[in-house]
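Below is one structure, written out as structure tokens, with a few remarks after it.
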């Protein structure tokens, strides 16, 4: 999770986020080298009187500055396309969860379980327990099993929202009348925080997402408990 005065990304929790961090470092290195070269040329031009004002043709130079940017773009595009393919690939998910955005809360439905659906509201600041995080805690966390592929279906009941979980490298738009599909896999247990990342009205900043990744045994116990509680609640 993020912490005050943090530099860089949150700790990666999924293989996708690890790939995104490597790609970020790879691209940043290329940008740094290009910027250094441009800065060096500018300084050289400002500090020397030897300029080629009479040069009319330089095919070798033109060939180099045409081919070199093309090679650099390929070096950026290939890993980017690979990660895009990995993010869209969904193979035999263990379960499917539908997340619906509302003004201003989230609702979740486990489509593989009967009557397992609930709303998730932010806990007001005055109701927080010691140690809980302001504007990030919810009354009902979404619990999922770790180390298993999970398919998320994202949509909205009213306006545009965005379901975002930085530690997992996920961000999907919630659009009314349309289902967006993403996959997530957590490599470790823990509680992870996200928020709506699309301005959706006056309480946009009060739509946190809390995802608890746990063992499969704990998840099955939690799902059974939630089903029993919801069945009793709606009798």
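For all residues, glycine too, the Cβ spot is worked out from N, Cα and C.
Features of the protein shown, as given by Swiss-Prot:
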- 15-45: transmembrane segment (TRANSMEM)
- 60-87: transmembrane segment (TRANSMEM)
- 161, 196, 200, 207: Cu cation A1 binding site (BINDING)
- 196, 198, 200, 204: Cu cation A2 binding site (BINDING)
- 218: phosphotyrosine (MOD_RES)
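Mapped onto this structure are the features recorded in Swiss-Prot.
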residue	record	DSSP class
161	Cu cation A1 binding site	strand
196	Cu cation A1 binding site	strand
204	Cu cation A2 binding site	helix
218	phosphotyrosine	helix
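If you take the C-beta of residue 196 (Cu cation A1 binding site) and look for same-chain residues 6 or more apart in sequence within under 8 angstroms, you find 101, 104, 161, 162, 163, 164, 204, 207, 209.
In this structure the C-alpha atoms belonging to residue 218 (phosphotyrosine) and residue 198 (Cu cation A2 binding site) are separated by 32 Å. Each of the binding-site residues 200, 207 was ranked by the number of other C-beta atoms within 10 Å, and first place falls to 207. Around residue 198 (Cu cation A2 binding site), the same-chain residues at least 6 positions away in sequence with a Cβ under 8 Å from its Cβ are 160, 161, 162, 173, 174, 204. In this structure, the binding-site residues under consideration are 161, 204, and the one with the smallest number of other Cβ atoms within 10 Å of its Cβ is 204. Taking the mean position of the Cβ atoms of 196, 198, 200, 204 as the Cu cation A2 site, the remaining same-chain residues with a Cβ inside 8 Å of that point are 101, 104, 159, 160, 161, 162, 197, 199, 201, 207. The residues near the Cu cation A1 site, meaning same-chain residues not in 161, 196, 200, 207 whose C-beta sits within 8 angstroms of the mean position of the site's C-beta atoms, are 101, 103, 104, 106, 162, 174, 195, 197, 198, 201, 204, in sequence order.
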